[in-house]
Amino acid sequence: MIQFDQVTKRYPGGNEALKNLSFSIETGEMVFLAGPSGAGKSTLLKLIAGIERATQGGVLVNGQNLTRMRGNQICFVRQHIGMVFQDHKILFDRNVFDNVMLPLDIIGFDRRDAARRVRAALDKVGLLGREKSMPIRLSGGEQQRLCIARAVVHRPSILLADEPSANLDRAYALDIMELFKSFHQVGATVVISAHDETLMEDYGRRIIRLREGQFAA
Amino acid sequence: MRHFFYLHAQSARSALIKILRQPFGSLLNLLMLSVALALPLSLFLAVASLQDWAGRLTATPQITLYMEQSAEAADISAVNTTLHKHPEVQSFVFISKGQALKEMETKNGLQGLSDGLGGNPLPDAFVVTPTTLDPHELDMLQKELSGLPMVESAQFDASWAKRLFALISLGHQLTWFLAGVLGAALVLVTHNTIRMQILARRDEIEVTKLIGAPDSFIRRPFMYHALWQGLVAALIAWGLTCWLALAANPAISEFARLYNEQVSLRMLRPTELAAFIAGSALLAMIGARMAADHHLRRVGPR
């Protein structure tokens, strides 16, 4: 499903975020990405989503090599990916419902089915009663869950979450982890990054540990 | 497919609402665009009116064909048939040598001239009115006609036709020059408006792009905005020229009456209006496309 083949990512200015990294994630697997800030976790997720391009090596997602893809083709790969962004990237000019509707609009979903799907996704994250609210009225945790609803509403085959439990108290963070687990159980490939390993260990899943762009021992 | 149309209808509608929601800002922009459009349009109409008038002139250039003295009835009827069939000949009259002599005698009081000359020195002649005003085509026609069998020469007075034609073609060139320059201005102004809008909606573009929107999805609302802008600006420009024509026509007819002519600025024909509106919308969309592509390149994967 996801395959990294000797991937190096160097940012302008010479900072190497990832150094010659090779690994693969199977279809339907749930994997944690661990490591301190600046270890390259975000970069790794961005490479999978085609937001960044690898400087060297190949990134294969669903059998397609993202490093060779032109800008306007990557969007079709992204349509099969749900991404929970570290900074949420919620649109504050529209209500909760319309925020979650956006991915369905993009892939061209029938309007009535789409509305049902949006409500189902909001129900799943516990925001069904807030669909008409503007995002600015939501708490930090609610915004986080709105972002998750938007990432899963189109039922992507890959779900990426960049530090979804950051800035949340432990009970709340566990709730969110349970959410991801339930998406994994319906067949999605899930990759979650976090700097706090204690949350991951309870799940007994594979953990990829990064340190300064390489696998940590 | 339904979704495709839905998206287009949705973008068209929301773009229109966006324009109507800021009536003042939109109006200023639209007026600027429509003035830029109205200038070449008015000039176009002025030149077209002049051309219409020139086409209606009674004193269109005529070519006179002089037959050889030895031409016989069969030769004359051969030329007659050729002229009948010729696509560039609007009409012609035949003046026989006898007719010409009689006319000359009565007009100039020279009765008995042919007796004194011991014969009729005048040739048979055709006076041809061509369909074209183009001096080049007239030259061609003249050459062609003078080459007909038993035709001695073909003459016409081209100088005034050349002058009129040069004036009209100058007007045409000026029109196209203005249309080109102001069309470019239209592209640039829409480019700028759309760029401002893109900057105002930068977050939205970034997020939609991140969650998998193709460029066409991101571009669509802006293209529709430009489309509306182009359409409305063209309509306003058309209104302006209609107003100009209505206001100026009495004075123009008054002036023309002094010369016993009937001249007036004409309005756009329906096909011309359609082409004008379509062209304006197209130019606006080119501007929008340029602005959108420029921005999309910057938010692409690095």
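Any Cβ shown, glycine's included, is placed from N, Cα and C.
Unlike curated entries, TrEMBL annotations are predicted automatically.
According to TrEMBL, the features are:
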DOMAIN    B:62-153  domain 'FtsX extracellular'
DOMAIN    B:177-287  domain 'ABC3 transporter permease C-terminal'
TRANSMEM  B:27-48  transmembrane segment
TRANSMEM  B:174-194  transmembrane segment
TRANSMEM  B:226-253  transmembrane segment
TRANSMEM  B:273-292  transmembrane segment
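Mean pLDDT for the domain 'FtsX extracellular' (B:62-153) in this predicted model: 80. Listed as Cβ neighbours of the transmembrane segment (B:273-292) (distance under 8 Å, sequence separation of 6 or more from its ends, same chain) are residues 33, 37, 41, 183, 186-192, 194-195, 198, 215, 218-219, 222-223, 225-227, 229-231, 233-235, 237-238. Note: the domain 'ABC3 transporter permease C-terminal' (B:177-287) comprises 95 helix, 0 strand, 16 coil (DSSP; helix = H, G, I, strand = E, B).
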